[in-house]
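Have a look at this one.
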Amino acid sequence: MGKITFYEDRAFQGRSYETTTDCPNLQPYFSRCNSIRVESGCWMLYERPNYQGQQYLLRRGEYPDYQQWMGLSDSIRSCCLIPQTVSHRLRLYEREDHKGLMMELSEDCPSIQDRFHLSEIRSLHVLEGCWVLYELPNYRGRQYLLRPQEYRRCQDWGAMDAKAGSLRRVVDLY
């Protein structure tokens, strides 16, 4: 089970809201979010209600201001607890509809370019576990939560283009 607390002000000040479950709409509980404490679990935060907009992966720890989770603003409007699994495995494809060169991963990959000599991934198949795809190397830039399923084109995971820099398994490290 996970537990996360949102605070309206920096350094864990101001009005707060605590949850242990997915929340499709956080707007009734706070108007802005400037700090977060994750007591347990891994959470994906979204800048808009109903799991839309920019995504931010947070693991157990303290985030005294929104820059600590690479936030672009103090807007957090929905969140979901990411289920934990023991094993992780996914397949990357250079073309849409799972065509072209296929590569398989079971560990974090800080640079897709260095490892596979690709800067774009056109389709994916997540076989086990949840992953986060980052648009830039070293786990930077826009983030996309990938659950076990087939993604036939980049729009299926919410991206506007196929730019892919790094991949990380969602694992609660504690």
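Each Cβ is built from the backbone N, Cα and C atoms, and glycine gets one as well.
The annotation domain 'Beta/gamma crystallin 'Greek key' 1' is assigned in Swiss-Prot to 2-40 on the grounds of sequence analysis. Annotated domain 'Beta/gamma crystallin 'Greek key' 2' per Swiss-Prot: 41-83, in sequence order. Among the features that Swiss-Prot reports, domain 'Beta/gamma crystallin 'Greek key' 3' is placed at 88-128. Residues or ranges marked as domain 'Beta/gamma crystallin 'Greek key' 4' in Swiss-Prot: 129-171. Per Swiss-Prot, S-methylcysteine is recorded for C23. The region 'Connecting peptide' annotation in Swiss-Prot covers 84-87.
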Please indicate, using numbers and ranges, the residues of the same chain that are 6 or more beyond the domain 'Beta/gamma crystallin 'Greek key' 4' (129-171) and have a C-beta under 8 Å from a C-beta there.
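Sequence-remote neighbours of the domain 'Beta/gamma crystallin 'Greek key' 4' (129-171) are 42, 44, 54-57, 70, 82-85, 87-90, 92, 96-98, 105, 107-114, 118-123.
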By DSSP, what is the split of the region 'Connecting peptide' (84-87) into helix, strand and coil residues?
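Grouping H, G, I as helix and E, B as strand yields 0 helix, 0 strand, 4 coil.
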What does DSSP give as the helix, strand and coil breakdown of the domain 'Beta/gamma crystallin 'Greek key' 4' (129-171)?
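Helix/strand/coil tally for the domain 'Beta/gamma crystallin 'Greek key' 4' (129-171): 4 helix, 20 strand, 19 coil.
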Let me know how many other Cβ atoms fall within 10 Å of the Cβ of the residue listed as 'S-methylcysteine'.
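There are 22 of them.
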